[in-house]
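In what follows, a single structure is set out as structure tokens and then discussed.
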């Protein structure tokens, strides 16, 4: 498939719209609770925008294997719920006050409510998996949530630590982001009755796409504008998170530059250092380095699903991979 033949994001969304409407309806239905605060906070976060890329992968993956049932909708919903719950917990841990262009749930409702409703959404996800009556998917999801939690703890340990290695950083990306993308593709393949090779292909697609997606997010933290990004530019540095662009700039800078970045990571919270850090990144092409790594991962995602039968849904998955590294939000 040539780059000029790629589908636009609007075309992909139009193709997936019948399924995604059902996913969105299911998300809202599953947030129902006799406890009013659960619904209020749940609706607040799920209606706050977001790319819905994980459920999109699930419905496109199932369709790419010719599946027309409803279990792919359940897969898409439970994957989005795990992601949503992790965001609620993330924002509390990071003390974030802005996401997707508006106040975070913890800023609006408080930390305790965010953590507890996050727990509710996590457990609701497991109820949804139980509906699929697939021990394999349950096992995959249980492992993924455990890996995600490990990634959260590892990232917490990395905060304010300039000695974080690139390998360590990439493990965190896999645990926190790529693993759940994997689940979206793999679970969809299982409910669609795909072969082992097709299941592996869609699992690999998810892993590579998830890695590319997070790498781009880390680049955008330094190169986007606040309105497009939907959060404060430079949040990672302010939070003392050593992401790939920072690690690259520190490794390639001179002693004075490396010391400045080390201090910025160790101290965190110093937004006034951003301009200096950006200048160092620009000099050493650190953002380009991270973006090129993202493009390599996106290409691996495309190559992974070469074995899938030709269809507009396969084209959509291919296009989605390329589009994920060609965005400013």
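We number each residue from 1, going along the chain as drawn.
Positions of Cβ are set from backbone N, Cα and C atoms, glycine also.
Listed in sequence order, the residues of the same chain lying 6 or more apart from residue 83 (isopentenyl diphosphate binding site) and placing their CB within less than 8 Å of its CB are 54, 180. The isopentenyl diphosphate binding site annotation in Swiss-Prot covers 51, 54, 83, 100 and rests on similarity to another entry.
Summarising the annotation, Swiss-Prot assigns Mg(2+) 2 binding site to 90, 94 and lists similarity to another entry as the type of evidence. DSSP assigns residue 90 (Mg(2+) 2 binding site) to a helical segment in the three-state reduction.
Residues or ranges marked as Mg(2+) 1 binding site in Swiss-Prot (evidence: similarity to another entry): 90, 94. Neighbour density for residue 94 (Mg(2+) 2 binding site): within 10 A of its CB lie 19 other CB atoms from the protein chains shown.
Cβ contacts within 10 Å of residue 214 (all-trans-polyprenyl diphosphate binding site), excluding its own Cβ and spanning all protein chains shown: 23. Here Swiss-Prot flags 99, 176, 177, 214 as all-trans-polyprenyl diphosphate binding site.
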Residue 176 (all-trans-polyprenyl diphosphate binding site) versus binding-site residues 51, 90, 94, 100 - nearest by Cα: 90
Residue pair residue 51 (isopentenyl diphosphate binding site), residue 177 (all-trans-polyprenyl diphosphate binding site) - Cα distance, angstrom, rounded: 14
The one of 99, 100, 176 whose CB sees the fewest other CB atoms within 10 Å, among these binding-site residues: 100
Other residues, Cβ within 8 Å of 51, 54, 83, 100 Cβ centroid (isopentenyl diphosphate site): 50, 52, 53, 80, 84, 87
Most crowded position, judged by CB atoms within 10 A, among 51, 54 as binding-site residues: 54
Residue 99 (all-trans-polyprenyl diphosphate binding site) in three-state DSSP notation: strand
